[in-house]
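If you check Swiss-Prot, you get these features:
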type	residues	note
BINDING	Gly22, Thr23, Ser24, Met25, Asp26, Gly27, Val28, Asp29	ATP binding site
Amino acid sequence: MPQRQPQPAHPVDGIYFGLMSGTSMDGVDGVAVRFEAGRAPVVLAEAFVGFAQSLRDALFALQQPGDNEIDRESLAANALVARYAVCCHELQRTAGLSRDEIRAIGVHGQTVRHRPERGYTRQLNNPALLAELTQVDVIADFRSRDVAAGGHGAPLAPAFHATVFGAPGETRVVCNLGGISNITILPGADGDVRGFDCGPANALIDAWATRHLGKPYDDGGKFAARGTVQASLLGALLDEPYFTAPPPKSTGRDLFNPAWLDARLAAFPQVAPEDVQATLTALTAVSVAREIAQHAPGCKAVFVCGGGARNPVLLDALRHALREAGVPATVDTTAALGVPPQQVEALAFAWLAYRFTARQPGNLATVTGAAGNRVLGALYPR
């Protein structure tokens, strides 16, 4: 007689996978995590699966309008999902899980357009194919529901940050330094959690390193460390109206891309490449620090996640910029709170899948500007 499998204490408790490929477009981060109501999430495995240069080129090309987009987009989505499936299989192998033990996969997809002011955001994905390749339920398309409610569809991580990183009596900021920088302000007392995109981070830093070093990123910030911040160039970059726009706001490669940078560099032909890199690093730090100074002046601690957490030159620049802005905050990575920085974004999308399964809201309207909190995502059954 077959034995009944033990049921979770809460009907949606269990093991979820989270997959995130961000605006740096270098690969996909994945986590396998156990969620139980009233308990901290437990990470069972993590994995990173890189993208081949051919896939990266296809993704970068889709950032800008071009010919035959529908065909190119569909083929790129299938190639992308093939890498997602590899990541899922690696998580399953590392954690020693059968597919029946996995409640669902929460997958963000790859943003190729983000234009909430026009009523849409587009994440490249083929969740039906991922469900077929993994034989696990897939939950995807998290951002569009928030946009449909009048929100920016971003950032979505603040609700997760509040659950995991908040501390009573202490104002904290969680700063994600991915392709784009964003912050979550955790008030530590009565008050709304807030969050928004600050501006470019690795999107421009990596692009400049690729152009001048032939490498996908500035390893440890060494290229920037060879240069000197050019105050006049930094001022010209900071003249971009986005930096002074009030929240809620979100941005991406639609605005902050190499063409945006080149248009401003045209007035500074004498600036050496390493000085441009130093200035781009300062741009990231200053744009974040100014937003913290304006919206969380009492912040005592900033915790960094994302790829920028591995760049000590950028972290030092952020510390300097915060001091200059009059913010007496320490800067550390989320590892100090028990979550390695490379796991945070993927964890957030596993959590969003968990919330969807419980039919609980995943956004914060105070962050995105939506008409209200909404259940985010769509289910693709295995």
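For all residues, glycine too, the Cβ spot is worked out from N, Cα and C.
The secondary structure of Gly22 (ATP binding site), as reduced to three states from DSSP, is coil rather than helix or strand. The binding-site residues considered are Asp26, Asp29; of these, Asp26 has the fewest other C-beta atoms within 10 angstroms of its C-beta. In the three-state DSSP assignment, the secondary structure recorded for Val28 (ATP binding site) is strand. Same-chain residues at least 6 positions away in sequence with a Cβ under 8 Å from that of Thr23 (ATP binding site) are, in sequence order, Thr111, Gly178, Gly179, Ile180, Asn202, Ala203, Gly252, Arg253.
In this structure, the binding-site residues under consideration are Gly22, Gly27, and the one with the smallest number of other Cβ atoms within 10 Å of its Cβ is Gly27. Non-local contacts of Val28 (ATP binding site) by the CB criterion (under 8 A, 6+ apart in sequence, same chain) comprise Leu19, Met20, Ser21, Phe48, Val49, Phe51, Arg83, Tyr84, Cys87. The Cβ of Ser24 (ATP binding site) lies under 8 Å from the Cβ of Gly178, Gly179, Asn202, Ala203, Asp206, Tyr217, Gly307, each on the same chain and at least six residues away in sequence. Note: the ATP site is recorded as Gly22, Thr23, Ser24, Met25, Asp26, Gly27, Val28, Asp29; in the same chain, Met20, Ser21, Phe51, Gly178, Gly179, Gly307 also have Cβ atoms within 8 Å of that site's Cβ centroid. Around Met25 (ATP binding site), the same-chain residues six or more apart in sequence whose CB sits under 8 Å from its CB are Phe51, Arg56, Leu59, Phe60, Gln110, Gly179, listed in sequence order.
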